[in-house]
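What follows is a short report on a single structure.
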Amino acid sequence: MKINSPLEAYKYLPQTNCGECGQPTCMAFASTLIDRSGKTTDCPPLIKEKKFAKKLAELDRLLAPEIRQVTIGVGERAANIGGDDVLYRHKLTFFNKTKMFFDVADNMDEAAIVERVKKISDYKKFYVGRNLLLDGVAIRAASNDPAKFATAVKKVIENTELPVILCSFNPAVLKAGLEVAKGKNPLLYAANKDNWKEVGELALEYNVPVVVSAFNDLDGLKTLAKTFAEAGIKDIVLDPGTYPTGKGLKDTFTNFLKIRRAGIMGDTEIAYPIMAMPLTAWMAGIADPVSASYWETVLASIFTIRYGDIMLLHSMEPYATMPEVHLAETIYTDPRSPVAVDSKMYKVGNPTADSPVLFTTNFALTYYTVESDLASNGIDCWLLAVNTDGIGVEAAAAGGQLTADKVKDAFEKSGFDLKSDVTHNSVVIPGLAARLQGDIEDKLNVKVMVGPMDSGRLPGWMEKNWPPKK
């Protein structure tokens with residue numbers, strides 16, 4: 001993005017404040033363009049009226065991310081990679097979380113392919129209010145046989161809606177896979193210095209994204225990318241090679257940094273998403289599969305943090321996948337807006353009029369920790385999430401985001417009446433918000449009980465203190 005102020009975007013807008021975009025003013029809409037919560041297509045006059053055509057084209061150019069965004073696959077599960085504007089998250093945010101593709105090989109028997117594909121497709125890990133998923137399937141042409149590869153590709157796409165990567169350096173094999181995967185927008189892996197012409201022709205013929213590959217040769221990689229761009233191929237992914245150990249790993253790390261820095265600083269010839277291959281850990285001579293999985297996870301972690309936009313992985317063991325998906329979720333959390341849940345009254349279990357009423361803040365990690373501690377111990381209760389702008393209990397109580405007035409307002413907005421909806425007219429407050437006890441009692445005219453400092457101690461606290469003494 002070449003502009004960073006709403007004022008700069010505003011001058012390319014109709015400036016009529018028509019409200020058709022859903023914003024009250026064109027300046028407000030300009031703000032959504034800068035923070036990337038809105039798109040130029042959200043402004044009907046800008047799109048429909050010919051007099052704005054030049055302004056629209058220039059605005060689109062100025063708003064385009066420094067790193068090109070590439071889409072793999074189709075439909076709801078299509079994977080967007082790239083699209084970043086900064087080297088460091090705190091300067092804006094990172095967009096398009098690192099996509100994780102897990103491999104299958106065409107020399108596996110059909111039942112094994114189907115089983116692995118279903119395992120990849122069905123993977124789900126609940127974390128802070130959302131399900132973490134895997135992103136796609138990389139189909140390796142281990143046989144180097146076009147017919148066998150086509151059969152494997154057909155079997156994969158019949159059993160998943162996830163996007164796929166077709167992996168071979170043999171153009172004939174890739175063509176066989178493309179014929180089967182027509183309309184699925186697969187990613188081609190890969191074009192190198194030996195096959196670039198044939199693979200480039202395939203990318204143009206089938207209109208699919210393609211990886212250009214030059215191991216530890218950034219000049220060669222840039223030349224390939226430039227050649228493909230000049231040929232009219234826009235959706236390019238860079239593979240500088242991923243060496244799993246020693247000096248090769250150090251060089252790989254440095255190459256990722258150089259590529260991304262050059263792209264962000266304006267070198268459009270190499271401003272494309274980067275592919276990492278942590279599965280090379282399995283080629284590092286590590287005999288023990290657990291140790292190989294561990295090292296693969298280490299590599300995945302390194303390149304999630306340092307600009308890997310898409311990864312090819314092998315191990316599906318929980319001890320490998322859980323750190324990988326958790327880290328990606330954490331790194332790609334938007335620092336401009338803390339992860340928060342809706343501020344409202346939630347039911348935990350099957351509460352009744354005799355069940356306890358508690359509150360916490362709407363910071364997602366806090367809320368789901370408390371909710372989990374209550375639910376896992378079979379405590380049926382009412383749990384209110386107070387709007388603290390996504391800040392945890394202790395910080396919100398200290399900073400003024402959690403006050404007696406805020407708690408009262410949250411109860412009123414939730415429609416929950418402590419006098420009629422429960423029989424005990426009591427509220428349990430977090431131990432870290434104990435300073436608010438008196439104020440809450442005055443504001444709500446209820447009995448306030450100070451709970452433990454840690455929600456993990458709630459079961460023991462409930463045994464001793466609930467129901468409240470009359």
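Each Cβ is built from the backbone N, Cα and C atoms, and glycine gets one as well.
Some features that Swiss-Prot has for this protein:
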DOMAIN    1-60  domain '4Fe-4S'
BINDING   C18, C21, C26, C43  [4Fe-4S] cluster binding site
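Its Cβ placed at the centre, C26 ([4Fe-4S] cluster binding site) has 24 other Cβ atoms within 10 Å. Excluding C18, C21, C26, C43, which define the [4Fe-4S] cluster site, the same chain contributes L13, P14, T16, N17, G19, E20, Q23, F29, D42, P44, P45, L46 within 8 Å (Cβ to the Cβ centroid), listed in sequence order. The binding-site residues examined here are C18, C43; by Cβ neighbour count within 10 Å, the least packed of them is C18. Of all Cβ atoms in the protein chains displayed, 23 besides its own lie within 10 Å of the Cβ of C21 ([4Fe-4S] cluster binding site).
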